[in-house]
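> Okay, handing you the structure first.
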Amino acid sequence: MIKIKLKNGLEEYFSCGTDVLTIIKKYLKKSEKTAVAAFFNQKLIELNTPLKEDGTLEIINFKHIESLKMLNHTTSHLMLHALSIKYPNILPTSGNFNEEGFYYDIDFQEHKISNHDFDSIEKKMHQIAEKKLDILKKEFTYEQALEIFKNNHYKKELLQENKNKKINIYKQGDFIDLCSDLHIINTKLIKYFKLLKISGAYFKGNSNRKQIIRIYGTSFFNRNDLNNHLKILQERKMSDHKYINKDLNFFMLSQEVGLGLPFWLSKGSTIRRIIERYIVDKELIGGYEHVYTPVIANINIYSTSGHLEHYRDNMFPAMNMPNGEKYVLRPMNCPHHMMIYKNKIYSYKELPIRIAELGMMHRLEKSGAVSGLERVREMTLNDAHIFIRTDQIKEEFKKIVNFIQEVYRDFDINNYIFRLSYRDPLDKKKYFNDDEMWNKAENILKEIMLELKLNFTEVQGEAAFYGPKLDVQVLTALGHEETLSSVQIDFLLPKRFNLTYVGEDGKKYSPILIHRCIVSTMERFFSYLLERYKGFFPFWLAPLQVILIPINLDNHLIYAQKIKSILLKNGFRVEINQKDSTLSYKIREAQKWKIPYQIVIGDKEIKDDIITFREYKKDLQIMMKIDKFIHLLISKMKQK
């Protein structure tokens, strides 16, 4: 017999091997219709799991996040079941899921599929779900599983990687699939789902392999939740920087040029220059020296830094030179800044040395990860490396955190979290193997954040290979968590490059290195701001601040040119709409382009030597003298 304690405080004895569902039916009948899974001794289990030891049992219902994850996971298998009936001989590979949805990658072989097929696929899914099929898990040996999936080379490859682990196969009706995650125990709970989109994918993200099909979907326990989520997805789509850019033309992408290689168009380039000048000016005031360094380098420098060992898969292939040397497009700016420091002998009195650069880098992002400006293969990082003494670590780190917060205030960024990113101590391949160094750096990082009295989360496995870091995390419009700012403590690279400074006693010491970026890459930061402002940038950032609209080009253009000249001389970004279109069309166009101020020029404006303007999204028209309008714009420029 085993003793089971329920969450309501009840304790009962059961036969060893009694499953959770039996206990629910006997003692928790109110939970029977809404039960999805359970925690047993704090471990998530399925309702048909037999219990074989004493423990505490907690039933979770439709509202629990783990229930939604299990539902979406199980729905992905229901989709596979339907697809296997409609499209015989397909080869399922693998998928993923969370509380909001799922996807599965499938080799359809000779079959063609598009989103136009979704209705018929969903219909088949409903037909299967309504059969109320039990979903059963069974454990198999490696050899047995190989025989079952002998006709699916993708599954055989996955089995090969897990041959020494337990191999679970799930069955619903006559459909089976290899799976290690948890399921709900009957298809009757799968009622409210929607297939969302199709994209290309590669097995294990390897673009050298055959391109297969990825199908996305989402599933909920009731219709209202599904409908609400579909509305949210539509809102996210409309807030996605790629969608916003369709009307505003800040950047473009070209498959002919290459994947992940963006073009900055005129208006996007204007905003980028403003951001770059802003951050460079702040860094110069903060004691940084700004440099330019080569975008390619001898591969040996990345061997010295360790990037070649730990980052090779993210680097573009080497270029073979006639003299036998190998050059690579740099994936990081760090080694170049190490060489600048090494070019001179420093005294302890001269530290900190702060070297900053808007450094262009190239990274071979997987094709499936490339997205708009958010994930690209060519990027420019707001990068800096600070060389300090041990006694300067905390003071310098705190300055950087304050710098980040100041910049975020200016850009009106207020929804972010601090994350301390540590190594995974078991992963000796990914991280430099020096426990003492890692423990020291991680402890210092945590002490600093506690002293600053800032809330933070801690995660393992997200550190750089050479040291732990503070990441500032934001959410994109699509719900992806991205790093906007990063500060890293590094005891390793200065030693690998033999960097030193002369101490007070005349001896040579190795400096400590802080890597930091305040606004990420220009590409990622711009994509975030585009979503943050939904294309309507604050006045000081707007690529075009004022548009002049002459009612009649023959009669009003000269006065418009005069106003434009005055505004340009005062430092404002202004254009004249000289299209041969109606006034209402030009005003609609200005609204579409989200221009902060629209000035209409007609007979009255010329006669009284005034302007008539209105602001974006406002109907009120205001008349005033140009000098007063300039004072208004100057005050707007100061509102960061």
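Glycine is no exception: its Cβ is also placed from the backbone N, Cα and C atoms.
What Swiss-Prot records for this protein is below:
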- 1-61: domain 'TGS' (DOMAIN)
- 240-538: region 'Catalytic' (REGION)
- C334, H385, H515: Zn(2+) binding site (BINDING)
> Of these binding-site residues, H385, H515, which scores lowest on Cβ atoms within 10 Å?
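Result for the binding-site residues H385, H515: minimum number of other Cβ atoms within 10 Å at H515.
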> What counts of helix, strand and coil residues does DSSP assign across the domain 'TGS' (1-61)?
11 helix, 24 strand, 26 coil
> Looking only at the domain 'TGS' (1-61), what is the mean pLDDT?
84
> Suppose the Zn(2+) site is C334, H385, H515. Which further residues of the same chain have a Cβ inside 8 angstroms of that site's Cβ centroid?
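Counting only non-site residues, the set is M332, N333, H337, M338, D383, A384, Q488, D490, L493, L513, I514, R516.
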> Identify, in sequence order, the residues in the chain of C334 (Zn(2+) binding site) that are 6 or more apart from it along the sequence and have a CB within less than 8 Å of its CB; answer 'none' if there are none.
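Expected: S305, H307, H385, L493, H515.
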> Determine, from DSSP, whether H385 (Zn(2+) binding site) sits in helix, strand or coil.
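Strand, per DSSP.
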